[in-house]
């Protein structure tokens, strides 16, 4: 039998790029010829991440295409959604991505893969794959729960008769009773008013989801069995749950090479953690796209200090104040250093290495799905602080269904990545202490540790994710190609 050749084309944002690279590495480790597609400016991250797989002899490579920045008035070199600082820039970025269909088709014509795995935002990938008679698999970068709950809310609009944005509603037609408020979900009033492009894009995404060959999900059966079953049996959707994809990086070197270069030496970070007791450190990080204003960062610093817990805090550039000395509380950094109470990392951190360390007992997170899964794989309970995208659904999975998280009380969904609503220091301190210093927190942390073992077993030989991938590869290998 000829070697199966699969193209992988992630949406151009770190939260989509990293799991897709992991997926390509996983496929290649199972004998597949894996080819990743990206733009010129993003290629360095891809090449670094696959280097060890190539050394081990796996058939994995990267092809690049040009991103049409200039055609849409975007700055030269602007090739990831993470760089967006306004709604207008994000909209232009999405429009520019539509023009990637033609160069993708040129690569499909030249290299003739047997299947295409493309991100859900590339809804036009169905048409591209159909031109060459190959199946298009849609990569959904969230959980089945979030996918199903969000679809139910979009379809049923259970918020439409509410008198206030803060009034609660129950998400209809799903296995669990999940309560949200209108302000916590994207609604047409907020995301699509005067923006027909966004309306049209989500309509196209929904249609492509229904028409594609099937959906690949970065999750595992034991994490959300009711929703995996619901997806297949009630929605009738062909889906393969092959995660957690980050566990394909089972060597320290793989983990360290994943994503951007850390702004702290990994050994320095791990040495600091080695000096701490098990379950004593709170890790605080809000991913690659979240940007808080100065007032919120000030409250976060005060909340961490008032909690009395040791912490590692990954600080990205503040959106309205480049100099962190302007928003750090007076003497904060000095007190943290002198008391050896915390480690502040400015920029990018080796997140997976940190979460896997036994000293880490809690993860304050925006609930992006990659970060959520990395916390699950590390056996770390979460303080949930969702901001945008599907993150409020991910929060509900952690706090209400799995019961491995405590909410900080975030109430406002936003389309842009800055949060105008300030979560007060008292709420932050209370949530952290509830998880780290109260009896209830012990049970929550124990449930999180049990999930870690289930995640590991899922990707091992005979595990649910391993078996789902095996079934998919058999199916793709027997697909009748032109």
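The backbone N, Cα and C atoms fix where each Cβ goes, and this holds for glycine too.
All protein chains considered, the CB of residue 16 (active site, proton acceptor) has 20 other CB atoms within 10 Å. The active site, proton acceptor feature in Swiss-Prot is assigned to 16.
Annotation source Swiss-Prot lists anthocyanidin binding site at 16, 389. Proximity of residue 389 (anthocyanidin binding site) to non-local residues of its own chain (separation of 6 or more, Cβ distance below 8 Å) is seen for 368, given in sequence order.
The active site, charge relay annotation in Swiss-Prot covers 119. Around the Cβ of residue 119 (active site, charge relay), the number of neighbouring Cβ atoms within 10 Å comes to 23. A strand conformation is recorded for residue 119 (active site, charge relay) in the three-state DSSP classification.
Summarising the annotation, Swiss-Prot assigns UDP-alpha-D-glucose binding site to 349, 351, 366, 369, 370, 371, 374, 390, 391. According to its DSSP assignment, residue 370 (UDP-alpha-D-glucose binding site) is helical. Within the same chain, residues at least 6 positions away in sequence whose Cβ sits under 8 Å from that of residue 370 (UDP-alpha-D-glucose binding site) are 15, 18, 19, 141, 218, 246, 287.
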Pairwise C-alpha maximum, in angstrom, for the residues (349, 351, 366, 369, 370, 371, 374, 390, 391) that bind UDP-alpha-D-glucose according to the record: 23
Chain-internal residues, separated by at least six, CB under 8 A from residue 391 (UDP-alpha-D-glucose binding site): 366, 367, 368
Nearest of the recorded positions (119, 349, 374) to residue 16 (active site, proton acceptor) - Cα to Cα: 119
DSSP state at residue 391 (UDP-alpha-D-glucose binding site), helix/strand/coil: helix
Long-range Cβ environment of residue 374 (UDP-alpha-D-glucose binding site), under 8 Å and at least 6 residues apart: 244, 246, 351, 352, 355
Per DSSP, three-state class assigned to residue 16 (active site, proton acceptor): helix
